[in-house]
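A.B. asks: Before anything else, here's the structure in question.
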Amino acid sequence: MSKKVEVNKVVVAYSGGLDTSVIIPWLKENYNCEVIAFVADVGQGEEELEGIEAKAIASGATECYIADLKEEMVSEYIFPTLKTGALYEGKYLLGTSMARPIIAKAQVEVARNVGADALCHGCTGKGNDQIRFEGAFAALAPDLHVIAPWREWDLVSREECLDYLAERNIPCTASLTKIYSRDANAWHISTEGGVLEETWNAPNDDCWAWTVDPEQAPNESETISLKVEKGAVVAVDGKAMTPYEVVVYLNEKGAKHGVGRIDIVENRLVGMKSRGCYETPGGTIINEALRAVEQLVLDKTSFEFREELGIKASHLVYDGRWFTPLCKSILAASEELAKDVNGEVVIKLYKGHATVIQKRSDNSLYSEEFATFGADEVYDQSHAEGFIRLYSLSSRIRALNSK
């Protein structure tokens, strides 16, 4: 966006960190506008939110709005995505990606309520988040201007940002050296930068902020029981819980046993690769439980279709296309497939592993009588011969024609 565009009031997504603390006075100086700070509570922790309203006002914001989005994020974004089976590039449970659309949506709502004519985010010009935020803004508020300071200003280092605030007597507790970049919410914590920028470097202890080192995890395993209804976990160990409560409870259990760590090199939407250490303890447990019930309930073609939906959904969510017709259609299809995904799963947690050891469902298509290797009254093994001849007919014809 050009600086020449006239802006009267802007709502900035504010985290309380160095970047967004600089953005507030920078917006006032460069756009001569009123700045409203918006803080999304997505479960990043009380420490991150403590005193954040006062900090925003001290940086120059007129007001600061804090929205508690934790329950909605899990129930309306994370759990529906889980039903698709989405795993970006086969590993990533999309912790950062799923949080962005709800943050953007809530930011737009604040902008509407205060009569703002612009939105602002603190994402860099190299990452995926700028696309996720601005893609959501385009879908939800195409009439509002969007300001992305990192694509406009001349500040290039943390030292310059700290000097910028010091020159204006704006308090900031950030340090000069920031080794790692972290993003946290109720679903996951990601860590990037530092030693991880060289792929031959093994992650050190500082690369993990949440989970116990699996080697240091308890020597005794722990089992938990999860009740699944319509593709969502509704109770753990016999206790009914809301989606957010499920995640919080399983996060504690999983982190204690070192569950949910991945070290991944992923393909960013902007074209480059990035490496990160991601921790999703509760999410890993939930995902294992849902897939276990699906194995019992979904027939072969439905299972294959769900797998296809999961791959496509992972890219749509990662690429910031949550508010598109295609994403909505995939979520709706997954919801339909999940209607019979009901059951109970027992998972063993032990030194970094979440292993399904028991599973059952009233809707199970598994039949011990059919599956047994012994004699049964239902399946005549001689019937397989005709099926195989028809199934392999095209291969047989191709071979005969090639002679």
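Just so you know, the numbers here start at 1 and follow the chain as drawn.
Backbone N, Cα and C atoms are what each Cβ position is placed from, and that goes for glycine too.
What you are looking at is a predicted structure, and each value in this text was computed from that prediction instead of being measured.
According to Swiss-Prot, the protein has these features:
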- A13, Y14, S15, G16, G17, L18, D19, T20, S21, A40, G122: ATP binding site (BINDING)
- Y92, S97, N128, R132, S181, S190, E266, Y278: L-citrulline binding site (BINDING)
- T124, N128, D129: L-aspartate binding site (BINDING)
A.B. asks: May I ask which residues of the same chain, at least 6 positions away in sequence, place their Cβ under 8 angstroms from the Cβ of D19 (ATP binding site)?
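C.D. replies: Result: G122, W150, C161.
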A.B. asks: Which one is closest to Y278 (L-citrulline binding site) in space, judged by CA to CA distance, out of the binding-site residues A13, S15, S21, T124, D129?
C.D. replies: D129
A.B. asks: Measuring Cα to Cα, how many angstrom lie between E266 (L-citrulline binding site) and D129 (L-aspartate binding site)?
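C.D. replies: Counting only the Cα atoms, the answer is 14 Å.
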A.B. asks: What is the interatomic distance between the Cα atoms of N128 (L-citrulline binding site) and G17 (ATP binding site), given in whole Å?
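C.D. replies: A Cα-Cα distance of 19 Å.
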A.B. asks: Can you tell me how many other Cβ atoms are located within 10 Å of the Cβ belonging to D129 (L-aspartate binding site)?
C.D. replies: 22
A.B. asks: Which number gives the other C-beta atoms within 10 angstroms of the C-beta of G122 (ATP binding site), all protein chains shown included?
C.D. replies: 21
A.B. asks: Starting from S97 (L-citrulline binding site), work out which of the binding-site residues listed here (G17, S21, D129) have their Cα within 10 Å, and give them in sequence order.
C.D. replies: D129
A.B. asks: Return the single residue from the binding-site residues list (S97, N128) that has the minimum number of other CB atoms within 10 Å.
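C.D. replies: Taking S97, N128 as the binding-site residues, the minimal 10 Å Cβ count falls on N128.
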